[in-house]
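In what follows, a single structure is set out as structure tokens and then discussed.
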Amino acid sequence: MSEGLSKRINQLPNEENGQTTSPDIPYSRNAAVSYINAGEEDQMELYGYRRSLFRTILTWLFIVKTVGILRMVFHWFPEWFLNCTHTRCSLEVAEKILIVEIYQKKYRRVHIRSITCMSALQIINAATEHTVKGKKKSVEHRNSHVLQDLNKIDDSPILSLPNADGTFHEATSVRMFTCKKLRYIWNTETKEFLKVKSLGPGMPTSSLHHPDAQQGLAGLSILEQQRRRAIFGSNFINVPVKSVLELLLLEVLNPFYIFQVVSVFIWIMIEYYIFAGAIMVMSAAGIAISIIQTRKNQKKLRNTVHGSDIIDVCRGGGVYETIRTEELVPGDMIILPANGCTMHCDAVLLFGTCIVNESMLTGESVPVVKTPLPFQTDVLYHPKEHSRHTLFSGTKVVQTRFYNDEKVMAVVTSTGFMTAKGSLVSAIMYPPPVDFRFERDSYRFIGFLASLASIGFTYSIIKKIISGEAGVKVVFHSFDIITICVPPALPAAMTAGIILAQKRLEQRNIYCISPRSINVSGSLNCICFDKTGTLTEDGLDLWGVVPVVDGRRYIPPIRSISLQYFLEPPLLLMGMATCHSLTIIDGNLSGDPLDLKMFESTGWVLVEPSNEDTNKYDNICPTVVSWTPPSGNKGDPGPGVSDSSDLDGAETSKVGIVRQFPFSSTLQRMAIICKRIGQEQLHFFCKGSPEMVQSLCKPETVPTNHNEILEEYTRQGFRVIALAHRLVEIRSLHKLQKVQREDLENELTFLGLVVLENRLKPDTKAIINQLSDAAVRTVMVTGDNILTAISVARDCGMVGSHDQVVIVNYEESSGAVSTDGKPHLTYSLAEKSSDLIGRYHLAITGKCWSIIQEHYPELVPRCVVKGTIFARMSPDQKQQLVQALQQLNYVVGMCGDGANDCGALKAAHAGIALSDSEASVASPFTSRDASISCVPELIRQGRCALVTSFGIFKYMAAYSLTQFISVMILYEIGTNLTDFQFLYIDLFLICSLSALFGRTQPHPGPLFNRPPLTSLLSLPPVGSLLIQVLLVGFFQAISMLLLTKQNWFVPYMDLHNTTGLETGDYECHENYAIFCVSLCQYIVLALAYAKGKPFREIFLKNYWFVGALAASAACSVCIFIDPPYFIEKWLQLKMPPMEFRLIVLGLSAAQVFVCLLTEEIVIDRGLVKLMDSPFWLKLRPRKEKYLAVEKEIKMSDWLSSIVTSTVAQK
């Protein structure tokens, strides 16, 4: 909540060109609107405006009349200013654009941008000036020649504007605007603004190729590069760092600080100089800390993403040039150096091979082999589908490889914020709003306090006017009521609790970049887990191989690979040794863990010859694997081996890998072409998911019991890989490099299965059980096989031992399509058992999820509520699942390794990345320990922080209302609290207690089986505050009543002709009674709201807080019993007889007892339990949609009937 008011924590720039972004306000939608990015994830509404001279003059007249106050309001609500100075018009003639983002159909965020209209010469001039700024004179000299060339052209200079299909068209001028660092250009044909997109997506892969590139005949000229840069902008991910003055203005113009400035002005007018000075010092310190923290965050992000280098580009005509990477544009042909480099753009590899470290983006430190993009006219390029051919910005090219004297070349497809790295940075700079009920309710409650203050202000003014005392000071005293009722220290107190929670997380190696998400994590009731690397270990262990012999028969699994006893390596062993993407980096074998484990088990050796040594391998085998049978080692070669003759003197077998077809998640396989050194015959091996490899094989080579064997291993949780083979008839090296994998991936011979074991992490099962006991739902979302996922879910405890798993699938055959054209859904039990006890869990594959979303949307809520295992899910589908859970009102957490989970991590209420990659920056939380133990720890800390925020908010609200009651009572008799009394209460009592309130640690025991309340407006907090405030008013009224009964008492107005509000003389017995009784109330309220179990430790373990309570109580008792003389004069106390002082002490003791007893019995044991009672649930049903879905499933007996019918069929 404090961030929403002061925006002081981790503020990143979300303004461009002086334009501002409004606060999130409730969703609204106009039916007749234009869109940008229609149908995409970042779809936004678009409205055109043009300036109205009459409206502008009228608006500025009102701004001048209100002494700038109206302009300040427009700063907070820029859309109002736009509507007051402009009129709505068509986009074709618009001067300004109102861009509206809709988040989850709930929140509306606006951006206002000016449309720039420039001629080709103007925009190229501007682009050139921007490029040469701060660069070397040689660059400036070259760019000046470009401008001279432009000026020599008889016709007007032209621009190269991109089309949607990746081609370019020429134009002499352009209308465009920039939003969220991306440019949008007006299309005169379609009459709409289109985003300037990357080169490549949606284009045939053949169109990205340049056959003559190796001869230097491809590439962009300097002139064409300048034209494109004018549209695409410089290749630079710019994270602006605001100046101190700019940040100072933004902070000072924040509504919270404006309120504080007004408050200080009021206090000065009523001569509360010391308190006003103290608040000014505190505010100045808060602003300074905020500015320092904001600049620190901005600089940190800028330094993280900043990068610059030089690179060689081809200009055509055999011309090569070295330029800075900032000058690159889509279409440039770049040459990658042999010793590697850091990529500063996205590019498609056309020639050569690259070894790339993508850990900066994916979190996986495993090097990836990038191969040239296939030349295909019927296949469209997409960065995700062709990621093995794409070099992404931010990744590091470790090595490059090439044939003979060929250059390793790539064509630039994306620059700046259009790159993968730029998209990530943009997501950090413009994060979606966090929808949290506590924040919304806190704003409403502050509004209630402001309304109450307005009532008190109005009553005070009217009363003084009637009594004829409406002087200037009296009026300002009435204004002071507003500053009393809405405490200026509230945001600072709330921020202190969050900062303490953040530090506690850091001590446990959990780092947070979005502190406001800490409170949200305390409400998590559903956690989605990735499987590999999250629930299970990263590495795999080879369990065994299951070869196929006699062309049709599986033999028993070979647990220890004894195939090395062959004189000639079997095809299965050769496939295991060659079908991989391993490479040697710095003398170490590196690559995918699965490939690494499989290769190491073969006992073969991988050799990567240097460029000078390739001649011995016919120039076509840059990677060679060799195998030498062990000398003199005889024995049983194992099942299925017919020849175990003497191996002494056997020669080393060498196999060269001629070409690799990299692994594709869409194709679910990889392949290679290899040859035995010294032989002409070429071999083709394919490795991948058993289902996919089987579909590519000749049916007669697949064992008849293949499905049963495969199901047996996957059900046990093993990772199963299949291998297949065929001979290749092609002999030409040129044809080998041009052949498409689809031409070879058919009519394969099935070789067998490789079985790998992926073990659970040691603490996975205990953590899942801990979350289950805390009523936190756990869901597995993985890209692995569904049966493997089910097995892991059972092993880790997501699925109970007596629970049933129902696999939801669909029939692909044409006859299975229903009469309405929808695919037919099928349901089957994962285990063939007639035991129907326990709960039911759905297991759904990614393909089936897409079918359900498209054809059975009415089943999505049911599948989301009952689904526990989601397998073969793509990154986009993981994000869709998280969003579907959120739409049912789950508070969702996502825990993944940061590789394929970035979208889901960003979409979740609290994403927890188990990696240190740049991708994890998109997640609010990052754990340095690669263990899911961070999840219950985050929930524990979040619950503690949320309860702390509730307690601080209630305490600050109760403090304000207590002081409001005190002031209103004293105003009624013509006096008030003195300046130093306010100072003692606000600085000594309130600031110390509220600052130390949040130091209480979380409860160390098991997680409670219910999250804390998230609504401030629910019955317990509202009831608690109302009852405590009534008790405060009651005891203050009792003290006044007892005072008037004393025979020595003389009313204040009987001793003074005028009120103390005019004279400043507040010293009286009434002042003493109210002040001293209220001192006890401030202390006891802090004690009442410092709750411990079940979410926090008992307050007695918060030694700082206990010390502050003890010091406050001791000082306060000393003040109203027998204060030192200087304290008495400083506070302007008029001490009554000792008898009345003891009465006040007795009232205070009674109030402590009554308040604490009320909070314990009436609130905790009464109202909290009442909310769970059938009576209350009938009166106020819970609004979570998933509960309604659960009830609907239970009443309709949907899942039980499916399971029963499935068992009956079996």
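Please read every residue number as a count from 1 along the shown chain.
Each Cβ is built from the backbone N, Cα and C atoms, and glycine gets one as well.
Residues or ranges marked as region 'Disordered' in TrEMBL: 1-26 (among others).
The annotation compositional bias 'Polar residues' is assigned in TrEMBL to 8-23.
The transmembrane segment annotation in TrEMBL covers 53-74 (among others).
Look at TrEMBL and you will find 207-272 tagged as domain 'Cation-transporting P-type ATPase N-terminal'. Counting residue by residue with DSSP, the domain 'Cation-transporting P-type ATPase N-terminal' (207-272) contains 40 helix, 1 strand, 25 coil.
Here TrEMBL flags 247-268 (among others) as transmembrane segment.
The transmembrane segment annotation in TrEMBL covers 274-292 (among others).
As annotated by TrEMBL, transmembrane segment applies to 408-430 (among others). The list of residues near the transmembrane segment (408-430) in space but at least 6 beyond its ends in sequence, with Cβ under 8 angstroms from a Cβ of it, reads 12-14, 180-182, 196-200, 208, 210, 213-214, 232-239, 301, 305, 314, 328-336, 338, 345-354, 360-361, 383, 390-394, 400-402, 902, 906, 918-919, 921-922.
Long-range Cβ contacts of the transmembrane segment (442-462) within its own chain (Cβ-Cβ under 8 Å, at least 6 residues beyond either end) map to 1, 4, 470, 475, 477-479, 481-482, 484-486, 490, 953, 957, 960-961, 964, 968, 971, 1016-1017. TrEMBL lists 442-462 (among others) with the feature transmembrane segment.
Marked as transmembrane segment by TrEMBL: 474-500 (among others).
Positions annotated as region 'Disordered' by TrEMBL: 628-647 (among others).
The transmembrane segment annotation in TrEMBL covers 952-971 (among others). Distant neighbours of the transmembrane segment (952-971): 1, 442, 445, 449, 452-453, 456, 460, 477, 480-481, 484-487, 489-490, 493-494, 497, 977, 985, 990, 993-994, 997-998, 1016, 1021, 1024-1025, 1028-1029, 1032-1033, 1036-1037, 1040, 1061, 1066, 1070-1071, 1074-1075, 1078, 1081-1082, 1085-1086, 1089; these residues of the same chain sit at least 6 beyond its ends, with a Cβ under 8 Å from one of its Cβ atoms.
The transmembrane segment annotation in TrEMBL covers 983-1002 (among others).
Annotated transmembrane segment per TrEMBL: 1022-1043 (among others), in sequence order.
Below 8 angstroms of C-beta separation, residues 951-952, 954-955, 958-959, 962-963, 966, 969-970, 977, 981, 985, 989-990, 993-994, 997, 1000, 1024, 1028, 1032, 1035-1036, 1039-1040, 1042-1043, 1099, 1102, 1105, 1109, 1112-1113, 1116, 1119-1120, 1131, 1133-1136, 1140, 1144, 1147-1148, 1151-1152, 1155-1156, 1159 of the same chain, each at least six residues beyond the ends of the transmembrane segment (1072-1090), sit close to that stretch. The feature transmembrane segment is assigned by TrEMBL to 1072-1090 (among others).
What TrEMBL records for 1102-1121 (among others) is transmembrane segment.
What TrEMBL lists as transmembrane segment is 1142-1163 (among others).
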Cβ pairs under 8 Å between the transmembrane segment (1022-1043) and the transmembrane segment (1142-1163), at least three: yes
Selected stretch (most C-beta pairs under 8 A with the transmembrane segment (1102-1121)) from 274-292, 983-1002, 1142-1163: 983-1002
Within-chain partners of the transmembrane segment (274-292) [C-beta distance under 8 Å, separation at least 6 from its ends]: 6, 8, 11, 244, 247-248, 251-252, 257, 260, 263-264, 267-268, 488-489, 492, 979-980, 982-983, 986-987
